[in-house]
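> Structure provided below as structure tokens; questions to follow.
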Amino acid sequence: MNWIFRKAMQIYAHGKNRRKGTEMKGLYAYFAYGSNLLPERLFQRCPTAVPYAPAILPNYRLTERLYADVDYAPGEQVHGFVYLLRAHDVARLDRYEGYPQIYRRYTVDVILDDGTELPALIYEMTPKTKEIRNRLPYPEEYRKICREGANLHRIKNHFIRKRRRK
């Protein structure tokens, strides 16, 4: 475990720097809902990311398309986690996510665990990618990473394999 991860988890665990407008200056809130829920995974892509708070993305549902994706769905919600990113981390994440060809990036309002709304970046597959990957299941290793991230942040786990009825 690297020192950035340890420090970030200390900040998150003790609630420091949360929900204070001055700390948000120059930072972007990013709502993670797939493999980026796992801090070690996100820190490989965004080394200076800071864990911030559990959150809910209202009026969307999580969809399995080889990798996690979201679709607009009134009345549903996706549980995830907000990280704070610097501009250079957003640029790195754009490259990793294949923005704008594979995923598009935009800002939505998420609801933090204390009920506060926060504008946050999310990535959603492009219509073409959705069509190509529609109904493709998660690879088991990917599902495991997502499950670990959800468990770590103590949020609803969307990644437990559903048993099929016989």
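Every residue, even glycine, has its Cβ placed from backbone N, Cα and C.
Okay, so TrEMBL annotates it like this:
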- 30-134: domain 'Gamma-glutamylcyclotransferase AIG2-like' (DOMAIN)
- Tyr30, Phe31, Ala32, Tyr33, Gly34, Ser35: substrate binding site (BINDING)
- Glu97: active site, proton acceptor (ACT_SITE)
> To the nearest whole angstrom, what is the C-alpha distance linking Tyr30 (substrate binding site) and Glu97 (active site, proton acceptor)?
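Computed Cα spacing between Tyr30 (substrate binding site) and Glu97 (active site, proton acceptor) is 13 Å.
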> Any idea what the Cα distance is from Phe31 (substrate binding site) over to Glu97 (active site, proton acceptor), rounded to a whole Å?
14
> Could you tally the C-beta atoms, other than its own, that fall within 10 angstroms of the C-beta of Tyr33 (substrate binding site)?
26
> Rounded to a whole angstrom, what is the C-alpha distance between Ser35 (substrate binding site) and the residue listed as 'active site, proton acceptor'?
11
> Determine the mean pLDDT over the domain 'Gamma-glutamylcyclotransferase AIG2-like' (30-134), rounding to the nearest whole number.
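Across the domain 'Gamma-glutamylcyclotransferase AIG2-like' (30-134), the average pLDDT comes out at 97.
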> So how many of the residues in the domain 'Gamma-glutamylcyclotransferase AIG2-like' (30-134) end up helix, strand or coil by DSSP?
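Helix, strand and coil residues of the domain 'Gamma-glutamylcyclotransferase AIG2-like' (30-134) number 28 helix, 57 strand, 20 coil.
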> What's the CA to CA span in angstrom from Glu97 (active site, proton acceptor) over to Gly34 (substrate binding site)?
12
